[in-house]
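**Student:** A single structure is presented below for examination.
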Amino acid sequence: MDKLDANVSSKEGFGSVEKVVLLTFLSAVILMAILGNLLVMVAVCRDRQLRKIKTNYFIVSLAFADLLVSVLVMPFGAIELVQDIWVYGEMFCLVRTSLDVLLTTASIFHLCCISLDRYYAICCQPLVYRNKMTPLRIALMLGGCWVIPMFISFLPIMQGWNNIGIVDLIEKRKFNQNSNSTYCVFMVNKPYAITCSVVAFYIPFLLMVLAYYRIYVTAKEHARQIQVLQRAGAPAEGRPQPADQHSTHRMRTETKAAKTLCIIMGCFCLCWAPFFVTNIVDPFIDYTVPGQLWTAFLWLGYINSGLNPFLYAFLNKSFRRAFLIILCCDDERYRRPSILGQTVPCSTTTINGSTHVLRDTVECGGQWESQCHPAASSPLVAAQPIDT
């Protein structure tokens, strides 16, 4: 998100060696973001099991937003930073800035939707999740991730609402004394800084924190319930009751998936929090934050656009397998073994006269799908499969 004079480079400029090092680093960041996000999109498009998981629709849309950042925003910022000049005109400066705000806001909205999807999947019963996350609702959420950011990007920026009261300061900072040229400067007044930051960062961040906290609490409670039922089931039936490894493994898988998404969200916040905190503070201290600091915070946020695909590769088994298949040219060694024809039993546990069905599950696309459908007669939400 190109804010204030975040793109303004040092008044002294860079030496030849510094320019080479800087250009190499920025090029690596851009290339990593392009290839990584393309890999995520191709993986989901080619892998049928990944396409079955509703969360991955948000992940693909997020990858597309990050891909657009790396193609439409970052290269022009890198060129200006290295050359110490903006050569594309004032109108394209406004367009690029609007795209920057739009795509950055869309990214965090996607992460917020992912956290809500995981909340309904893990904290609610399967029927509630199916009723909440219908194809129509998913489509509306995805549409909102792209449409709502337009009201804090293209609309106010093109109308000049962000620079009301600070036009003279903007004109002063646009001028490049070293080359008698201009920079692409984007400064914001106090109302826009507060509104944009609250809508684009602070409200979604609060929702994500609440959602993931509930997921953490629910996952711990589910694990405790499974252990209690397994221990109580053995003496009630008069014979040793083997541990329901499938149910336990399923819960571990869901918990690990939630932790993975928490790490992704945490990296996003670490990358963008310095920028958004400074974005609110700077207008109230007469815009005294150095341009170099803005540039550092801005590119720290850009790095996040290339970071998510690598988090998927290292932390998510299904994505890791899909990436290996693509990179290794469809090597058969990395394909999933077929689960067709497998017989997966259901184990039961009796407590105080009530029968609790612990559904055995098989792994499918990194998620766990039920292979039997008897109804449990107790509040054993932990034993219910999560349809994602």
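Cβ atoms are placed via backbone N, Cα and C, with glycine included.
Note that the structure is a prediction, hence the values are computed from the model and not measured.
What Swiss-Prot shows for this protein is this:
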- D100, N279: serotonin binding site (BINDING)
- C93-C184: disulfide bond (DISULFID)
- N7: N-linked glycosylation site (CARBOHYD)
- 20-44: transmembrane segment (TRANSMEM)
- 55-78: transmembrane segment (TRANSMEM)
- 93-117: transmembrane segment (TRANSMEM)
- 134-157: transmembrane segment (TRANSMEM)
- 189-212: transmembrane segment (TRANSMEM)
- 258-283: transmembrane segment (TRANSMEM)
- 291-314: transmembrane segment (TRANSMEM)
**Student:** Have a look around D100 (serotonin binding site) and count the other CB atoms within 10 A of its CB, chains all included.
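**Tutor:** Looking across every protein chain shown, the total is 27.
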**Student:** On a simple 10 Å Cβ count over all chains shown, which one of the disulfide-bonded residues C93, C184 is most densely packed?
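**Tutor:** Comparing the disulfide-bonded residues C93, C184, the most crowded Cβ belongs to C184.
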**Student:** Taking 93-117, 134-157, 189-212, 258-283, 291-314 as candidates, which has the most Cβ pairs under 8 Å with the transmembrane segment (55-78)?
**Tutor:** 93-117
**Student:** What is the separation, in Å, between the Cα atoms of C184 (disulfide bond) and D100 (serotonin binding site)?
**Tutor:** 13
**Student:** Which of the three DSSP states, helix, strand or coil, fits D100 (serotonin binding site)?
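**Tutor:** Assignment for D100 (serotonin binding site) reads helix.
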**Student:** Under a three-state reduction of DSSP output, how is C184 (disulfide bond) classified: helix, strand, or coil?
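**Tutor:** It is coil.
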**Student:** Count the other Cβ atoms sitting within 10 Å of the Cβ of N279 (serotonin binding site), across every protein chain shown.
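**Tutor:** Total other Cβ atoms inside 10 Å, all chains included: 25.
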